[in-house]
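> Here you go, one structure.
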Amino acid sequence: MELIRDVANELDIDVLCYKILKNVSILTHADRGSLFLARSTGEEKYLVPKLFDVRHDSSFDEAIRLSRSEELKIPFGVGIAGTVAQTKTLINIRDAYKDPRFNNEIDLRTGYRTNLILCMPICNYEGDVIGVAQIINKTNDSQDFTAQDVEVFQRYLTFCGIGIQNAQLFEVSVLEYKRNQILLNLARSIFEEQSNLECLVTKIMREAQDLLKCERCAVYLLDLDCCEASHLERIIERPGKSLERYAPLNRVESGTLTAEDMRENGLRKPSVFTTVFELRDCGTQTLVSRPSSFDLASSTLAQIAGYAASTGQILNVGDVRSWLKEQHSEGDAETARTILCMPIINGKKSLIGVAQLINKENNAPFTECDVSLFEAFAIFCGLGIHNTQMYESACKLMAKQKVALECLSYHATANDESTEKLVKEQIPSADCFNLYSFTFIDFELSDEDTCKATLRMFMECNLVQQFHIPYEVLCRWTLSVKKNYRPVKYHNWRHALNVAQTMFAMFKTGKMERFMSDLEILGLLVACLCHDLDHRGTNNAFQMKTDSPLAVLYSTSTMEHHHFDQCVMILNTDSNNIFQALSPDDYRKVMRIVETAILSTDLAMYFKKKNKFLELIDDGEFDWQSDDKKELLSGMMMTACDVSAIAKPWDVQHRVAKLVADEFFDQGDLEKLQLKEQPIAQMDRERKDELPQMQVGFIDVICLPLYRVLSETFPWMNPLYQGTLENRQHWQDLAEKVEMGLTWIDHDTIDKPVEAFTDPEETKDIELTVQTFHPVTSSPPIEIKKRHKHRFCCIL
């Protein structure tokens, strides 16, 4: 019982086997003993010696050293131990040399003579053979192992079977823990290197060599952009099959593979491999090559890797010489003894390469455990390689983007000739442009005059001198901003100029400059001029519906973010930075002002902040100097400027409203054509007769509440409120006429009189009223009446 307790609590498999053999030798008076453990690879079962020729007086270190020198693999059914494992029955031999199953090779090598052999299976609780114990010769000159020896041996091994299985389970858990630690370290080291593919693959190959104890390692990478590789994608989704061979292959089993099979059915287009990394000289040197199709076709190792790639199978060759036969002596496979090939897949389950290990240490084949560990290893490698490839791809795209931006900046910047011409021009006074008035009109201004008006606003605010803006830079920047507006019907350069002029009038005539610093005035004027840069004539909703690149970049306030980015691009272009003389702190502040102000022109932002602003006004707020209140006030001012066309004289407002409607209708047409959707009413050309009522709604919901509170708090801005009220009445009158059915608006152009679309015969017996609204608002409309039976009205 003492001997049983000695092995029952032992979990180290080497120590346990040593104790078993030593105790068995004592119990049976055997001269020495050996213990073999069962292993399996696929369907092949075999025994490997754990400890060999252990005597009762052998030390543990001596037993371990001796066992390491014996690298044997005994198939079940071969030899005495193999027969015992196969039949699960003991064998008791009195004269070993008379038994044909006995192999005297070791006796010849050591000079020891084996006479008696008692060999017995060790089974687990399920009755499966997990090992074979063998004792040799007696020390008491007995001529055989007695029945008592057999009984003692058998009873003791029953307990030993339990101990061995526990020790093996413990060993597996320890190995699994170590494996997890190795993989964690591998993952850490792999993801530390994400910028250079060669460094990453070198690190992967060194880890593989250390982990799986092999002489050489290679990684073959595929070019998935190549059409030749398209058939390889997602090949790993089908279950992979590990092909293992430790003897010459024959075409006898289903699923077997020969070298001839590989050559006939393997990779037919070897040029799919674009890069080969090979680690040599004990991991101190990495060879990187980009072989040609000819190089790959003439490389046996590349063909083996190619087969693993084209089939998505794990290829484990235990005896390369026998497997390749005459081809073994050709080329780069001559020194290969064992090969393990593993497909490498990325996070998208697409094949990106093959990892190849060559020559396991001690001439041993790659085991099932090696394959399993290498498979997990390959997963991390695939993720690391994929991430690094994506990083390198992103770097290339960034480089391309930089080149594209350089080209864009060149074409987006005003040329020297136009800049020099503007610099030399005389800038008229603010009164010449009517800049101080809320009734400013740009219709009569030439494009050159619009730039001059812009420069005059900067001069009137003393911004050029205050912030040391080089005049030539300001002229170039103005022309560049103008150049970067697209020729859409409404959201163009002239709209930006009108918004900036309204902000200027707020500062000067509306006396809002009292509440703003010079830096804030500069930022708001720049924001007004840039707030619709590169507008495409479509709104944020359209960008989202069409999944435009802008919608991908910016999930909210799509166009507004783009307008700001275009503003930054112009400022960052050589000779366009009007903020160049600012200190770093002032530069950050003014850019923050510009960004916040441009984003505030998104009406979604207005509705989000409107109630808070109205609450402050209703509470009688008069101190607007804190940062959050100043930002809120600036946002409301930007919205007021952006929609200020609603407060212009009626003839201007009427004309601008039609420009807005035309741009909206163009978007509605695109939605019908591209998206096959029915646009909302304000963008539906077929509902253009509802324009007056929609204008009334726009004024009531957005414009009047904002202008009312601004005029109540800042009385000098009352003209905006009054102008909006007057225009509301005009639109209301037109809406009522439309509602009464006295309006006919069913043509794309709404400003032509009805005669332009009606045949004279059609107007016979019709009382026709044509009402025309002339620019002079103080004069009553001119009415021309013809008395007929029916009455129509055409709004102009």
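In case you wondered, yes, glycine gets a Cβ from its N, Cα and C as well.
TrEMBL labels come from automatic prediction, so no person has curated them.
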> Check TrEMBL: it lists H491, N492, W493, R494, H495, D532, Q695 as binding AMP. Then name which of D574, D642, D651 it lists for that same site.
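For the AMP site that includes H491, N492, W493, R494, H495, D532, Q695, TrEMBL also lists D642.
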> Roughly how many angstrom lie between the C-alpha atoms of R494 (AMP binding site) and H531 (Zn(2+) 1 binding site)?
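Between the alpha carbons of R494 (AMP binding site) and H531 (Zn(2+) 1 binding site) there are 12 Å.
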> What same-chain residues, at least 6 away in sequence, bring their CB to under 8 Å of the CB of Q695 (AMP binding site)?
A657, W731, A735
> Which ones in the same chain are close to D532 (AMP binding site), with CB under 8 Å and 6+ residues apart in sequence?
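Those within reach of D532 (AMP binding site), by Cβ under 8 Å and sequence separation of 6 or more, are Y485, H491, N492, H495, A496, M559, H563, T601.
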> Per 10 Å Cβ neighbour count, which of the binding-site residues R494, H495, H531 ranks highest?
H531
> Can you name every residue in this chain, apart from H495, H531, D532, D642, with its Cβ inside 8 Å of the center of the Cβ atoms of the recorded Zn(2+) 1 site?
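Once H495, H531, D532, D642 are set aside, the remaining close residues are H491, A496, V499, C528, H535, T601.
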> Check each residue in the chain of D642 (AMP binding site) that is at least six apart in sequence and keep those whose C-beta is under 8 Å from its C-beta; list them in sequence order.
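Listed in sequence order, they are V499, H531, T601.
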> Secondary structure at D532 (AMP binding site) (DSSP, helix/strand/coil)?
coil
> Would you mind ranking the binding-site residues H491, N492, W493 by how many other Cβ atoms sit within 10 Å of each Cβ and giving me the lowest?
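Selected from the binding-site residues H491, N492, W493 on minimum Cβ neighbours within 10 Å: N492.
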